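As written in Swiss-Prot, here are the features:
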type     : residues : note
ACT_SITE : ASP359   : active site, proton acceptor
COMPBIAS : 34-49    : compositional bias 'Polar residues'
DOMAIN   : 240-493  : domain 'Protein kinase'
LIPID    : GLY2     : N-myristoyl glycine
MOD_RES  : TYR30    : phosphotyrosine
MOD_RES  : TYR187   : phosphotyrosine
MOD_RES  : TYR389   : phosphotyrosine
MOD_RES  : SER440   : phosphoserine
MOD_RES  : TYR500   : phosphotyrosine
Amino acid sequence: MGCMKSKFLQAGGNTFSKTETSANPHCPVYVPDPTSTIKPGPNSNNRNTPGIGEGSEDIIVVALYDYEAIHHEDLSFQKGDQMVVLEESGEWWKARSLATRKEGYIPSNYVARVDSLETEEWFFKGISRKDAERQLLAPGNMLGSFMIRDSETTKGSYSLSVRDYDPRQGDTVKHYKIRTLDNGGFYISPRSTFSTLQELVDHYKKGSDGLCQKLSVPCVSSKPQKPWEKDAWEIPRESLKLEKKLGAGQFGEVWMATYNKHTKVAVKTMKPGSMSVEAFLAEANLMKTLQHDKLVKLHAVVTKEPIYIITEFMAKGSLLDFLKSDEGSKQPLPKLIDFSAQIAEGMAFIEQRNYIHRDLRAANILVSASLVCKIADFGLARIIEDNEYTAREGAKFPIKWTAPEAINFGSSTIKSDVWSFGILLMEIVTYGRIPYPGMSNPEVIRALERGYRMPRPENCPEELYNIMMRCWKNRPEERPTFEYIQSVLDDFYTATESQYQQQP
């Protein structure tokens with residue numbers, strides 16, 4: 001980081017960022033991430049104590065992947081290396097290698113506590129049933145590929161998910177509840193009980209014993225993204241190299257860029273004057289706290305005009321462009337409904353956090369290389385200072401996606417986002433066709449006042465169209481919640497059957 005010098009947080013005294021600026025007046029200022037919290041580990045003042053790793057309170061972690069240090073404050077390690085945690089600080093922890101005794105920062109999502117389930121390749125922590133299905137059905141897996149995950153419904157319990165094949169449905173995933181014995185053991189069927197999950201896995205690898213398939217190999221998992229650089233929230237423009245223009249919107253451009261020569265990112269450049277720096281920074285600090293795997297991750301900001309918004313890079317671009325592409329236009333209906341379910345999941349999180357998107361449409365959904373849909377630009381609409389966008393007569397106002405009460409009275413709520421989601425469903429099922437084809441904005445407003453709603457496209461199932469029509473109820477309070485919409489879309493093809501298999 002050039003002119004940064006390493007300082008570590010000290011319990012009880014003044015706190016220093018890892019990347020505090022030096023006295024050099026030309027050194028660009030890095031401002032810490034507003035969401036990071038610091039927890040000194042039990043060994044933080046124990047630096048030279050012999051036998052670290054033997055105390056009862058020590059947090060010993062093992063590396064799940066290799067990591068090559070980018071900065072001199074970081075600690076390189078190989079898969080399988082063990083380290084003692086000195087300080088838990090957001091996504092980067094300070095640790096000491098038990099082998100080399102070297103200290104430095106490590107990405108916390110690259111390690112797991114020794115002897116924890118997370119060290120097992122078949123254990124997927126905190127993954128939902130639906131995401132388990134998405135991952136097991138992804139390329140690279142086979143019949144009998146499996147994972148054990150935390151139960152969504154019963155805290156402290158687990159579920160087994162297995163890839164299967166059904167002549168009618170094709171590739172599918174079956175789920176089994178793993179039940180717990182009073183003595184701490186585990187079973188799927190009461191006739192076969194095990195003292196550990198490892199024993200359970202070994203047993204069902206030898207034979208299916210009533211499961212749909214014999215367990216073959218753990219579900220393929222990719223190395224997680226490294227956490228964003230520690231304490232790099234407000235960053236200098238010079239740290240970014242804009243490389244390829246990905247698109248241009250009403251308020252700026254989107255670029256593929258490299259941060260500090262090592263991290264691929266997307267950069268949204270805002271036209272000067274499109275928003276006040278103070279309002280933007282206040283909103284960005286709030287947006288930074290909204291972290292969910294179906295929301296585009298906000299990494300950093302440049303707060304001098306022109307404002308830059310730095311986010312994770314999404315390889316397939318906007319959902320709108322993807323749906324119109326050769327690859328997107330070949331996606332079958334179940335995949336389109338899966339896209340819709342992913343977006344509903346992200347919006348259910350926004351709803352739960354009492355936040356509002358205000359500009360939900362296919363152009364503001366981004367698609368990853370593995371076809372994960374993530375919501376982008378949440379909250380930005382609120383701070384735009386452009387009458388062309390904020391006034392309903394303005395050329396940039398997204399009339400066709402906007403709920404009547406937001407058009408007429410300017411009142412945006414999560415229920416107006418639900419209306420927009422109904423329009424977004426129509427965009428998805430028509431592969432990116434503009435809503436209300438052939439109608440101008442004033443014609444749309446007049447038609448809505450008469451009670452007009454877009455008709456059902458030929459390829460759209462009645463049940464999906466019913467969701468759209470519920471999203472377009474005139475009275476906002478009669479529209480469904482995103483939580484409800486997510487539950488319907490998640491189980492769109494399986495609502496009539498039990499999600500979990502009966503005991504074998």
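Cβ coordinates are placed from backbone N, Cα and C, and glycine is handled just like the others.
Features as recorded by Swiss-Prot, highlighted on the structure.
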residue	record	DSSP (3 states)
TYR187	phosphotyrosine	strand
ASP359	active site, proton acceptor	coil
SER440	phosphoserine	coil
Cα-to-Cα gap, SER440 (phosphoserine) vs the residue listed as 'active site, proton acceptor', nearest whole Å: 19
Report the mean pLDDT of the predicted model across the domain 'Protein kinase' (240-493), rounded to a whole number. 89
Rounded Cα distance, in Å, between TYR187 (phosphotyrosine) and ASP359 (active site, proton acceptor) is 48
